[in-house]
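> This is the structure, below, for whatever I ask next.
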Amino acid sequence: MSVGVLGAGAFGTALAIVLAGAGRPVTLWAREGADEMQAARENARRLPGPRFPEGLRATGDLSEAAAAGTLLLAVPMQRLRPLAERHAAALADRPLVACCKGVELGTTLGPAGVLAEVVPEAPRAVLTGPSFAADIAAGLPTALTLACAEPDLGARLQAQLSTPTLRLYRTEDVTGAELGGALKNVIAIACGAAMGAGLGASARAALMTRGFAEMNRMAQALGAAPATLAGLSGFGDLVLTCTSEGSRNYRFGMGLAESRAQGTEAAETVEGAATARAAAERARRLGVEMPITEAVVAVLDGRMALNEAMETLLARPLREE
Ligand SMILES: NC(=O)C1=CN([C@@H]2O[C@H](COP(=O)(O)OP(=O)(O)OC[C@H]3O[C@@H](n4cnc5c(N)ncnc54)[C@H](OP(=O)(O)O)[C@@H]3O)[C@@H](O)[C@H]2O)C=CC1
Ligand SMILES: O=C(CO)COP(=O)(O)O
């Protein structure tokens, strides 16, 4: 089965490389620079280094990629709706796998919810979990979650998108999988800020653990299963992103501590910034407490300095774990 990847950022390119390397014919659509990539056999701008396998073709013509049997949508979360709206007709009749992590500003929907609104007739799934694009493209072992509410389609996509180095686990809990992938980026910003401020590894462990608790509160309020949050898409991705400077969200948090990140959200893809705001809004509406997320938003919006945010978290009433 052929695969079309829409969005030639780091992640889309890495997925295209590993799938083509495993023998799937893959067409990678880039809105800019496709001819250069196709000639150089490399995405020098977004994922420099890894070479394109023979079965990978880059194109600037979306309809070529959209003709594939399965489509992976690998653009940042806040860009998913404009992309899907613009190309709704081309996306309408084949499985769409959203590969973005986040909550949409305004609607507070995840990627599956956005696709359900824009292209309701297309079967959909979400691919999420702990993986850096560079690791996937280098053929390093990686395990991800493929979430699909339709079990038969989920099983087909799991088989189609697994390779000898990219191992997919399946779940029908789409809400849990997408919230795990979205909310861990907010906690990664908090952890990066704590480490950047020199608060130490114990403080980071506390933020990860209490962050995981608030991820679970939000997810369960929306009907997700705790087991999904404990899996690759929640706990797994939280661990990766909160402990590695390979993460853009974590690095962005470190930058906040050094007062050099405010206003730089647009410089690279930092999904946790918009997601923190959207998740905090959703949590307030649901009556769910998310103190770390609220603290991240307060710092991002310039309403609190980082040390004030930490003091506010530490001054919360003592309670049972
Ligand atoms: N990088 C990683 O390690 C991982 C990323 N992800 C997720 O994948 C998603 C994408 O991230 P990533 O690939 O890293 O991001 P990048 O910043 O590397 O690339 C984003 C890509 O999206 C393209 N894009 C943005 N807006 C549009 C649009 N309206 N139409 C078409 N293309 C558009 C950009 O095009 P252009 O180049 O022309 O600007 C760029 O190629 C995020 O949700 C991220 O959380 C998930 C796991 C791992
Ligand atoms: O989602 C990721 C790892 O699973 C990538 O993390 P960043 O977006 O923070 O770089």
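Indices start at 1 and increase along the chain as displayed.
Cβ atoms are placed via backbone N, Cα and C, with glycine included.
Sequence annotations record features per position, and here TrEMBL assigns active site, proton acceptor to K184. Residues or ranges marked as NAD(+) binding site by TrEMBL: G7, A8, G9, A10, F11, G12, A133, R248. Annotation source TrEMBL lists NADPH binding site at F11, R31, K101, A133, R248, E271. The sn-glycerol 3-phosphate binding site annotation in TrEMBL covers K101, G129, S131, K184, D237, S247, R248, N249. TrEMBL lists K101, R248, N249 with the feature substrate binding site. For 3-151, the entry in TrEMBL reads domain 'Glycerol-3-phosphate dehydrogenase NAD-dependent N-terminal'. Positions annotated as domain 'Glycerol-3-phosphate dehydrogenase NAD-dependent C-terminal' by TrEMBL: 173-311.
Just tell me what is around each of these and how deep it sits.
Secondary structure from DSSP puts K184 (active site, proton acceptor) in a helix.
Listed in sequence order, A74, C99, A133, I136 are the same-chain residues six or more apart from F11 (NAD(+) binding site) with CB atoms under 8 A from its CB.
In the three-state DSSP assignment, the secondary structure recorded for R31 (NADPH binding site) is coil. Listed in sequence order, A8, G60 are the same-chain residues at least 6 apart in sequence whose CB falls under 8 Å from the CB of R31 (NADPH binding site).
The number of other CB atoms found within 10 A of the CB of S131 (sn-glycerol 3-phosphate binding site), across every protein chain shown, is 23.
Following the DSSP three-state reduction, the secondary structure of N249 (sn-glycerol 3-phosphate binding site) is helix.
Shown for the domain 'Glycerol-3-phosphate dehydrogenase NAD-dependent C-terminal' (173-311): DSSP residue counts in helix, strand and coil, namely 105 helix, 0 strand, 34 coil.
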> Let me know how many other Cβ atoms fall within 10 Å of the Cβ of G129 (sn-glycerol 3-phosphate binding site).
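There are 25 such Cβ atoms around G129 (sn-glycerol 3-phosphate binding site).
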> Listed binding-site residues are G9, G129, S247, R248, N249; which sit with C-beta under 6 angstroms of ligand 1?
G9
> Using all protein chains in view, find how many other C-beta atoms are within 10 Å of the C-beta of G12 (NAD(+) binding site).
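Other Cβ atoms found within 10 Å: 25.
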> Listed binding-site residues are G7, G9, G12, A133, R248; which sit with C-beta under 6 angstroms of ligand 2?
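Close enough to ligand 2 are R248.
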> Report, in whole Å, the straight Cα-to-Cα distance of E271 (NADPH binding site) from G9 (NAD(+) binding site).
14
> With DSSP as the reference, give the number of residues of the domain 'Glycerol-3-phosphate dehydrogenase NAD-dependent N-terminal' (3-151) in helix, strand and coil.
52 helix, 32 strand, 65 coil
> What's the most sparsely packed of the binding-site residues D237, E271, counting other C-beta atoms within 10 A?
E271
